[in-house]
Amino acid sequence: MALPSNFLLGVCCFAWLCFLSSLSSQASTEESQSGASENVESEADPWSLLLPVDGTDRSGLLPPLFKVLSDRRGETPKLQPDSRALYYMKKLYKTYATKEGVPKPSRSHLYNTVRLFSPCAQQEQAPSNQVTGPLPMVDLLFNLDRVTAMEHLLKSVLLYTLNNSASSSSTVTCMCDLVVKEAMSSGRAPPRAPYSFTLKKHRWIEIDVTSLLQPLVTSSERSIHLSVNFTCTKDQVPEDGVFSMPLSVPPSLILYLNDTSTQAYHSWQSLQSTWRPLQHPGQAGVAARPVKEEAIEVERSPRRRRGQKAIRSEAKGPLLTASFNLSEYFKQFLFPQNECELHDFRLSFSQLKWDNWIVAPHRYNPRYCKGDCPRAVRHRYGSPVHTMVQNIIYEKLDPSVPRPSCVPGKYSPLSVLTIEPDGSIAYKEYEDMIATRCTCR
């Protein structure tokens with residue numbers, strides 16, 4: 001009886017070992033498959049590295065620009081804007097921002113968002129519906145779904161693009177009749193405004209329609225229906241001189257908006273810190289110019305330290321006295337070799353597979369802070385007193401308390417020109433996108 005019992009025990013042990021080995025192989029296979037899928041997903045969606053495991057941003061920790069683009073998942077916009085409209089917005093971008101995407105401090109406008117919409121529908125009416133002139137009116141329908149509730153209209157412009165054949169040295173007086181379809185039932189006469197310009201010097205015609213569209217945009221109207229008649233008279237010639245403007249494409253609608261959300265950059269809040277005179281009262285011959293405080297603190301501080309070091313070395317000469325060595329010893333506590341400072345990190349939006357959306361800038365340098373924080377940090381880094389207290393606690397009382405970390409202390413905004421999913425073009429200024437100063441906290 002002992003032999004069969006031992007045999008049964010051996011069979012059970014062998015079966016149990018086989019079961020455990022199959023479980024371990026299955027777990028390793030699933031782990032490798034999940035790791036491979038995670039690698040594929042991270043390659044396909046670079047922003048997935050910024051999200052939790054389930055891919056949702058519950059805490060709202062994503063930077064505003066990254067959050068906007070992460071919702072699009074790298075898809076190509078379904079509609080592409082007209083090339084002339086895109087060219088106009090690129091020129092606008094160069095006027096407002098530098099090549100690196102930083103908003104120019106010389107600008108004085110209050111809007112931080114500009115949206116260009118192309119008409120989603122265009123229909124030419126019959127001649128019986130004309131308001132004035134020999135040309136029929138053109139119906140234009142603009143879809144404003146991309147305008148958010150936090151974006152307030154400051155100015156609206158109807159943009160016409162002129163053909164190259166329209167160049168002329170003659171003075172042309174243009175009359176434009178605009179009718180908002182929703183307002184025709186009230187029986188009011190269509191607004192009319194004269195514009196005088198020389199075609200040779202203009203590629204675009206901008207017609208201010210703020211007074212017409214302000215009530216509609218304020219009331220969150222998502223669809224604007226306009227009827228437009230655009231005729232011009234050359235050299236003030238009477239009726240036989242009236243001709244049609246050679247327009248290459250239907251007009252676009254441009255909205256200049258003030259985005260009041262927290263993710264947008266509000267330039268009027270930093271005007272005092274951006275501009276300041278360099279001369280004191282009573283001084284003459286010194287011109288006032290814009291001064292960027294962040295640039296001064298970031299760029300001049302290292303140079304000043306290097307200059308002071310050179311002066312001290314020249315004064316001391318080749319003699320290495322004990323006092324000089326002692327000063328060098330104490331200086332390593334105040335200015336460590338691997339001190340906390342800004343570092344560049346230049347990347348291209350094509351590396352993140354966001355170049356389908358972002359037209360400008362092509363490259364982005366967010367910069368980052370790296371290095372050791374010295375013991376005396378308040379004067380140089382603008383750190384609070386708490387940082388010094390934390391340093392003392394770490395050194396004297398409890399080493400488990402972390403030392404102050406080298407982190408960004410100030411940021412600058414980033415101007416971005418993007419193509420929206422509906423084919424519209426948007427210029428936006430995002431807050432806190434480029435580190436400009438480091439601090440220890």
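Quick reminder: no glycine exception, Cβ is built from N, Cα and C everywhere.
According to Swiss-Prot, the features are:
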{"type": "DISULFID", "residues": "Cys340-Cys406", "note": "disulfide bond"}
{"type": "DISULFID", "residues": "Cys369-Cys438", "note": "disulfide bond"}
{"type": "DISULFID", "residues": "Cys373-Cys440", "note": "disulfide bond"}
{"type": "CARBOHYD", "residues": "Asn163", "note": "N-linked glycosylation site"}
{"type": "CARBOHYD", "residues": "Asn229", "note": "N-linked glycosylation site"}
{"type": "CARBOHYD", "residues": "Asn258", "note": "N-linked glycosylation site"}
{"type": "CARBOHYD", "residues": "Asn325", "note": "N-linked glycosylation site"}
{"type": "SIGNAL", "residues": "1-29", "note": "signal peptide"}
Length of the line joining the Cα atoms of Cys373 (disulfide bond) and Asn229 (N-linked glycosylation site), in Å: 67
Pairwise Cα distance for Asn229 (N-linked glycosylation site)/Cys440 (disulfide bond) [Å, integer]: 62
Fewest other Cβ within 10 angstroms of its own Cβ, chosen from the disulfide-bonded residues Cys406, Cys438, Cys440: Cys406
Mapped DSSP class for Cys373 (disulfide bond), helix or strand or coil: coil
